[in-house]
Structures are given as structure tokens and as C-alpha cells.
């Protein structure tokens, strides 16, 4: 739909980075219009996870007597910001922006992505990097192609929590071009080193212990909670009672807003336009049929169904009411004294592409967003931190969720946790020779959860 399109202005987040000396380098891949959880439905084809070619994964495959066939056994990155996560994970860029499909060159490995239901945190977990979704309204959405206006947030992908805080400090603040941004001035984010966690209360939502959760992720989740407890923090089980309704509620609201937002792509003002000259209506239909893939067209049709006059009250309005209940669940938990919630980010490690495509986009999105989309509906900050490698030699991440606009507190806790776990750097032989100094800087004195 937007092939060859050149935006007439920069997104606010891009302009703020340019103002700080960033250099735009190129474009990255993503699911079409950010609709997906695997980065497999982009116009340029699927994104391959760099960990598919890592020494850690290859050695595990050899031990398990798997044939070494890179063409058929490569792994998905997660999505929809998979191109950005892959670029940062593989050290192929030192910052890039998926939300506007741009690569940026800065002094460290930073990235931006769009996060509507987990599209930054999901690929971060699968690619072994840090993925931050800021509080809704903290970072401007101006220039971000909208998927779901009430949930979209420019996210941040980095190799460490400190870098995420640095980027957030640049991007956060009021934007007169985005009325949803906060009015109060935001100071640069600096993260002090937390040495005493005894005053912290960590909440463990019992509803997130789902049957589909892999045993390895569950084990690491439990070990992480034990780590906080052993260091003096209070760890308590909490309840988010409307969690079971969240993914259905998210689907109704997401597709409804998608149907509205995609209406602008009509072939008249910009983007693809078909050659049909039978009538304006025929041109509209042919343009959208040619310009959108099956996933986008499916979500548009679903959304328009929910927004029909006879369905509006039963679907869209009810979903909005459930969204309020979900948001109130988080408010009640944080009002009870909990500082941060600790949850899984994904159900499992990254899976091979051939396994991922056995199920359709909607089914995969419902599975992969189960731990992440409720945060977007509540407008809260959340960050995925890589914890350890699975038995297959692949990254597993855990998610921290904070109070609204308490992003700094959330990152302080995440930074402490990051320093306690010894997450290994990806070993790509062709990069190790050239980037040995970078790898050395990535090493952290820490203890392992494995």
C-alpha cells in the first residue's frame, strides 16, 4: 500500500533523535502495518532471528542430533517490531527505528519500535534484548502510523536497561502535535544503582500461570521471584481477575480501531492506487484489495463487523467496559502496596518459522500477546528483560510492569534485576572478531538463574 511512499515530515520521536545527532541509515522489516506477532507477514518476507545462527543454538541442535539446515530451521523473531529487534540483537546497527522503518546510528545499540499489544516486548524476549513500552502519553505518537490510537506507544529496544532509560529521556515529554501526551515537563531519565530491594513489593499475578506456559519459562519466572525474595524484597501473589477476558477484549477493540484507521488508505491522497477507472467505488475496492494483505483485510472486516449499528453495543461498547475493569485490576493491585509486577513475556522461546506458520496470524497473535496486551489497554509501562537461555540455547525474557508514569522506578528495578542475572551475549562468529570490544563491554558481573 505504501510502496515508494516518502513521508513529508518526520515523526516527533525521529526528530528528537535527529536533534541529538542521530544519523538515519536505512529501513527494517516488520509485519504489514504492525499486524502480527512473528514478523512473518511483511511485504519483504519474514524476519529471521539472529539466534538461529548463534553458536549457542547450533551447539544445542548438534547435541540433540538435529540436522544443520539453516534454510529450514531458522527461528522467528516475534513481532511486530521483529526487524528492529533482529538488527539490535545481531549488532548489525547501533540503533534503529521500526515505528517509522528507519535505522539510526548512535553511540550504542538502541532501537525504536511500535508497541500496541506487545510488539516491542515480544521480539525483545525472542531476540535476547531489552524491550520497553513506556506509559501511554509519555512519548509522542505524532508521525507513528496508527494501528490502535488508544493503545499505540513508540517502544524502545536496547541491549541494556540503562540505554533504554537514556533513549526514553530523549523521547519523553509533551508534544503540541499529540494531545494525548502529558502536559508536565519530563526530566532526563537517569537510573541510580539500586542496592537494597528490601523495601520493594513484587507482585506475581496468579492468572498468568496458564496451561500453555512452557515449563522452562515457568521455572525461570519462579527463580526470578525467589531471587527478589532472597535479597529481602516482599514477593506476594496477586490477582488480576479479568485477565481471562483481556485477549478477546483486545481483539474487538484492536480490529475496530484498525478498521477506522485503515480507511485513510483509499488510493486518493497517497499510497497505492489501482488502474481501475470504472467508478470511484470500484477504485476504492480494487486499491484496498491490491494494497493490503490477507491479515490486514481480515482485521478491517472484523472491525467493521463490530462497528455495525446492530453490533456496536454488544461488542465495542461491552469491550470498552471490560477494558475499564482490566485497568481497574491493575489500579487495585498497585493500591494494595505492590510496586512492580513480575510476569512472563512470552509463552516460550522462539519457534522455527515452519512451526509458527502452521497456525494463522490471528491464532498466533492471541497466543503470543497473552501476557502483554493487557498492559496496553491499561496504559501502563512495561519492560521485557532477557533472563537466560533455554535448553535449546535460545533467549527467554521476563516482563516487569509498573504504575502509570512511574517508568523510572520500573527501570530502576529492571536494572537491578539485569545485574543479578548473567545473560550471555549472542555468539555470531563473523561478528565476534570485529566486535570483541563491544562484547567485553556487554559483560556484567552477576549470578545466573539457570
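Just so you know, glycine gets a Cβ as well, placed from its N, Cα and C.
So that you can see what the record holds, here are the features copied from TrEMBL:
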{"type": "DOMAIN", "residues": "1-54", "note": "domain 'Amidase'"}
{"type": "REGION", "residues": "56-75", "note": "region 'Disordered'"}
{"type": "DOMAIN", "residues": "75-411", "note": "domain 'Amidase'"}
{"type": "ACT_SITE", "residues": "80", "note": "active site, charge relay system"}
{"type": "ACT_SITE", "residues": "119", "note": "active site, acyl-ester intermediate"}
Cα-Cα distance linking residue 80 (active site, charge relay system) and residue 119 (active site, acyl-ester intermediate), given in Å to the nearest integer: 5
Per-residue Cβ crowding (10 Å cut-off), top of active-site residues 80, 119: 119
The domain 'Amidase' (1-54) - residue tally per DSSP class, helix then strand then coil: 15 helix, 5 strand, 34 coil
